[in-house]
Amino acid sequence: MYMIESKGGAIICMLLALFFLGTWPAIMTLTERRGRLPQHTYLDYTITNLLAAVIIAFTLGQIGPSRPNFITQLSQDNWQSVMFAMAGGIVLSLGNLATQYAWAFVGLSVTEVITASITVVIGTTLNYFLDDRINRAEVLFPGVACFLVAVCLGSAVHKSNAADNKSKLQDFKSLETASSSQIETNQANSRLAKGKAKEGTAEFLVELEKQRAIKVFGKSTIIGLAITFFAGLCFSLFSPAFNLATNDQWHTLKHGVPKLNVYTAFFYFSVSAFVIALILNIRFLYWPILGLPRSSFKAYLNDWNGRGWSLLAGFLCGFGNGLQFMGGQAAGYAAADAVQALPLVSTFWGILLFGEYRRSSRRTYVLLTSMLFMFIVAIAVLMASSGHRK
């Protein structure tokens, strides 16, 4: 199997993971805003997410002089570590599923900020102690503090932007409780008056509400924030679980049994994530939540609108997670949590693709800039804390 041994190689893995993990949520948001049911999107995503782990296992997990390789470990008595890896996959799958609904309520940027910050504050602390403190605490924890500040700024950005949107919508009477027919009338009038709605305007927000799969007008943003914080708690546990699977800090393996390598652990991790996602999303097809329309497995198979994007999102997330774990095994999983600065990437896509924060107030722009600055500082500090696993 191929192993990352240098700090420089680990940092390259982290930077690539940062880009991949910051891009796939934007693609998922794109399909939802175009009206594709999240159940359909997530089922496609889970297929290629697992496929990415299989590709990594049978390539990087098999080449090179290091032993044992991926196939050899499949038959070894290492079920204790396998359980940790699969537990990590389950909580990651639950977190990813939750964020897909949170994006609609509070936006891509704020969702990624809050979940990433919770992940770093809790997950990085756990990984630091699990890794026997190979990362420099005097550098690592100031980076964690930057993420904690970022989550506060993220909440302030959301509150300020929500107030901006409410102000934009003041000309649409009783929009919070408007029926779909009223929304259609407003939309038609807007188009007649100004043509295609411009991003950031009230007409744009109404048009988006009409088109998107998850309807959010008239629903409390507290729901979105609650889902976001739940996702963050799930994300904070998957990396420590993976750390336990590959390094056996609790000495659960029998004497003489090799520890799971990154590729074998990632394979089991992805299998469990696939199974839980498959079960929950098939259930949501027939018993949807948050007012989504009911669907069926047949309807999912026939829905090719946006399928290519959904499959691409799964590949990006799968390879991103694999690169994060490869970097973490070399330089410490606490430092690898620097990839949770993915809001730097997702905010860029949110502004570029979805017009988030267009025509917002100066206060919102100041808060947004401050939030992004804290992430830049955090990622630099966390990567500087990288150690070397002996």
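Using the three backbone atoms N, Cα and C, a Cβ is placed for every residue, glycine included.
If you check TrEMBL, you get these features:
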- 6-30: transmembrane segment (TRANSMEM)
- 42-61: transmembrane segment (TRANSMEM)
- 81-98: transmembrane segment (TRANSMEM)
- 105-127: transmembrane segment (TRANSMEM)
- 139-158: transmembrane segment (TRANSMEM)
- 222-245: transmembrane segment (TRANSMEM)
- 265-287: transmembrane segment (TRANSMEM)
- 308-327: transmembrane segment (TRANSMEM)
- 333-353: transmembrane segment (TRANSMEM)
- 365-384: transmembrane segment (TRANSMEM)
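Contacts between the transmembrane segment (308-327) and the transmembrane segment (42-61): present, as 3 or more C-beta pairs lie under 8 angstroms, all at sequence separation of six or more. Listed stretches 6-30, 42-61, 105-127, 139-158 were compared with the transmembrane segment (333-353); the greatest number of C-beta pairs under 8 angstroms is found for 6-30.
Only residues 6 or more beyond the boundaries of the transmembrane segment (105-127), in the same chain, are considered here, and those with a CB under 8 A from a CB of the stretch are 22, 25-26, 29, 95, 99, 140, 143-144, 147-148, 150-151, 153-155, 157-158, 161, 214, 216, 219, 221, 223-225, 227-229, 231-233, 235-240, 243, 328, 332-334, 336-337, 340-343, 346-347, 349-351, 354, 356-357, 368, 371, 375, 378, 382. In terms of C-beta pairs under 8 Å, the stretch of 6-30, 42-61, 81-98, 222-245, 365-384 lying closest in packing to the transmembrane segment (265-287) is 81-98.
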